[in-house]
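Positions annotated as topological domain 'Extracellular' by Swiss-Prot: 19-265. Annotation source Swiss-Prot lists N-linked glycosylation site at ASN115, ASN156, ASN161, ASN200. Annotation comment: Swiss-Prot describes 290-638 as topological domain 'Cytoplasmic', evidence class sequence analysis. Among the features that Swiss-Prot reports, phosphoserine is placed at SER342, with the record citing similarity to another entry. According to Swiss-Prot, the phosphotyrosine annotation covers TYR487, TYR594, on the basis of similarity to another entry.
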Amino acid sequence: MDLWRVFLTLALAVSSDMFPGSGATPATLGKASPVLQRINPSLRESSSGKPRFTKCRSPELETFSCYWTEGDDHNLKVPGSIQLYYARRIAHEWTPEWKECPDYVSAGANSCYFNSSYTSIWIPYCIKLTTNGDLLDEKCFTVDEIVQPDPPIGLNWTLLNISLPGIRGDIQVSWQPPPSADVLKGWIILEYEIQYKEVNETKWKTMSPIWSTSVPLYSLRLDKEHEVRVRSRQRSFEKYSEFSEVLRVTFPQMDTLAACEEDFRFPWFLIIIFGIFGVAVMLFVVIFSKQQRIKMLILPPVPVPKIKGIDPDLLKEGKLEEVNTILGIHDNYKPDFYNDDSWVEFIELDIDDADEKTEESDTDRLLSDDQEKSAGILGAKDDDSGRTSCYDPDILDTDFHTSDMCDGTSEFAQPQKLKAEADLLCLDQKNLKNSPYDASLGSLHPSITLTMEDKPQPLLGSETESTHQLPSTPMSSPVSLANIDFYAQVSDITPAGGVVLSPGQKIKAGLAQGNTQLEVAAPCQENYSMNSAYFCESDAKKCIAAAPHMEATTCVKPSFNQEDIYITTESLTTTARMSETADTAPDAEPVPDYTTVHTVKSPRGLILNATALPLPDKKKFLSSCGYVSTDQLNKIMQ
């Protein structure tokens, strides 16, 4: 509803301006709402044409003044035609007496001045305007409510510092409180508001109210002129005083180049935008061109199995047998099993079990006919479960060939015949058990340990048949039993890794005790089992040492016609020296000679290094390589 009245009032005002001679306008404005008159006092003045109060102010809370307008009536413009009356309320009651204004001149025209004699603080005042007894306007207030101090005076500024580039500077603005306000005694407390701007600007920059009379202004451009103004008000009140005079701040002349640099602002924002866009484009191009490589870096493929000499397709197809075959061919892929091998403390000879007695033993095949022995030696069986065996045909070929070259001979014999003849060198110990020479043999072979499986095997033919066939052989009286061990016990291991062997023989404990028929044979005709390519040292010693003690009629010297069977010269040297001292000390045991493995000539053959003793002068050996032939052995035995 009020909005319609506002619009109506505005329309009437415009019409009054357009038609100044109209007499209906004052009557209409007189009916306007008092709310509109409070909103716009000028409307109230123009509506009635009567004088109205404009303001009342006290600059220092000790005196105050009130002001009014003249009005439209020319008769009221005559001095003294309008009177101001005031009254004070004491003890919550108005005095019945109204008093006229004490001073119409000191505050100016159309005003009334109340000095300190007529001013009372915290006491309400009521004032009214009258002309010829008619009430024109009235107003009520207290002095503390109308306090409006004078503007500050004495504005000044001081330069604090200048920035390093010489573009901006800091100043401090100071002023004095209005002289009318008794600020020093604390009768009134003022606060100040500062406004500043550049000369060419239209909008003032306002700072927060402060209580002090100085304030710093920062970052003012040195190439611009600035304006500063200040106004004051009583603390906790809303009415400010008028602004002080404008203070102009002009800095000294500065470098033009610095001003140009300040005016030029680098477009950092645009550069950042274009930079981000360019980096995004470059990343997109790189990712698009290198997408395969980036994919491999992020998700690397599973590596293809690459083994030298093996087709990867075999692994993909799962053909493990072919892969294992290829790995077995290449030496680099073969596993090293030698680290898992354990040391062998002593060597055992595995003889066939009792249920295999029907089969012929290797030694019996050797003692049979040449045709049978040659056929049997090819079928020799090595059933030692991985341990070294004396029944090794490969050693015969290698060792005999080496000894032939050392002796300067070039005879080559069949391995079957050589093993058969070498086997005839050692006689059966069972038939010599009751002979005088039996004790000496037992004392010479204490170092070989026989296994529980060592059992005597029957000969290829019967004992009777073999007895009748003995005279036709080169040896005089071979014995049927040939299960005599020619193994050497390992006694020590050298720091360099060599194996030290202890030679010797021990008569088997499981020999049959019931044989009464003894064959007469010379001690040098023992049935040596020549299943290896060398003579045992202890056997050679027994043949040499026992020869002087036997009767000439019963001793048939062995004739070693096998030119490819050898024994070591060191062993013969030792046994020869022992045979010389047999007369003086017939019961003394020869000191066993220890030897070491010199080298491996074949997968199952060994060459031994024996401890050699000085040879007697009367025994001259033609071979210097450590082996002698059967001819040389015959000469030594003579």
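Placement of Cβ uses the backbone N, Cα and C atoms for every residue, glycine included.
The average pLDDT the prediction assigns to the topological domain 'Extracellular' (19-265) is 81.
Of the candidate glycosylation sites, ASN115, ASN156, ASN161, the one lying closest to ASN200 (N-linked glycosylation site) when CA atoms are compared is ASN156. The glycosylation sites in question are ASN115, ASN156, ASN161, ASN200, and the one with the fewest Cβ neighbours inside 10 Å is ASN200. Counting in whole angstrom, ASN115 (N-linked glycosylation site) lies 33 from ASN156 (N-linked glycosylation site) by their C-alpha atoms.
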